[in-house]
Amino acid sequence: MKEILYRKSIQDRVRIKGIGLHSGKEVNLTAHPAPSGTGIVFEYRKGLEKASISVELSNVVDTSNATTLGDGLHKIQTVEHLLAAIYALGLTDLILEIDAVEVPIMDGSSLPFLQALESAGIVKYPEIIEPIYVQNPLWVVDGDKYLVLLPSDELKVTYTIDFNHPLLKGQNITISLDKETIKQEILPARTFGFLKDVEALQAKGLAMGGSLDNAIVLTQDGYLNQQLRFENECVRHKILDLFGDISIAGRPIIGHYLASKAGHALDISMAKLVMSSVTGDEISKYKSRRIPLFKRKVAVV
């Protein structure tokens, strides 16, 4: 039996403080309750600068390394970890007030966001939000990378990563997910990166907030971190990213996701593809303001 979902917000505002991954500077984020139908909206406030950026597919302006939302003048980077926590809680209406151009990295997972939002209490509205159950296979492809979505009455993910590293060669997982399983098995998984890449980025003034406190760091043949939260934490984090990205569609998209070496670009392409195929809207409706709709080869059945 398919679940009936209701629009939700938080009961009280909650403040979240952390550092930006790239700037290394303090970021203040406040989540505010919002009326039913508001959607998820970032409110950027920095001195006299103000901007309102809705979380929607047409506002995705970059998918390199992280997912970035923008309005043509302003942008908010690295939104996916926060959005994954919002998705897991079923929240549909929030104002996210922020004083920087990137969401704080926290511990590199979605867990701090989940805990903060849960502490604010959850309010359920009478209005229903309808999940999307795909009726036909859909896929997006970029060379040897792909993301497939198959019809299924349950949310399920089969994900494989295949980096040129002894610990990440063919790391994979198949998992059936409900909201509680996502909270326990996916949201605690931290982002990961390679030491050589971190050093190169920091030499360019980027990733200044990156550390062992907020990322899994891999050396040539091992981990710098003393302990992992899961044996396959890295591939679990890719699922976290997937749901943070897919949630930008504005409706839960249910099916069996099959991913191999996918990432933010394919995640967003799939969300656009699903929304276009389900609503009957022209795919151009979801075209982002600054980047082409698909830089990827796309096939639809």
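Any Cβ shown, glycine's included, is placed from N, Cα and C.
Summarising the annotation, Swiss-Prot assigns Zn(2+) binding site to His81, His237, Asp241 and lists sequence analysis as the type of evidence. Just so you know, the Cβ of Asp241 (Zn(2+) binding site) picks up 23 other Cβ atoms within 10 Å once every protein chain is counted.
Taking the Cβ of His264 (active site, proton donor) as centre and 10 Å as the limit, one finds 20 other Cβ atoms among all the protein chains shown. According to Swiss-Prot, the feature active site, proton donor maps to His264.
When other Cβ atoms within 10 Å of the Cβ of His237 (Zn(2+) binding site) are tallied across all protein chains shown, the result is 27. A straight line from the CA of Asp241 (Zn(2+) binding site) to the CA of His264 (active site, proton donor) spans 7 Å. Neighbours of the Zn(2+) site: apart from His81, His237, Asp241, residues of the same chain with C-beta atoms within 8 angstroms of the site's C-beta centroid are Glu80, Ala84, Ser109, Ser110, Ala189, Thr191, Lys238, Ile239, Leu240, Gly244.
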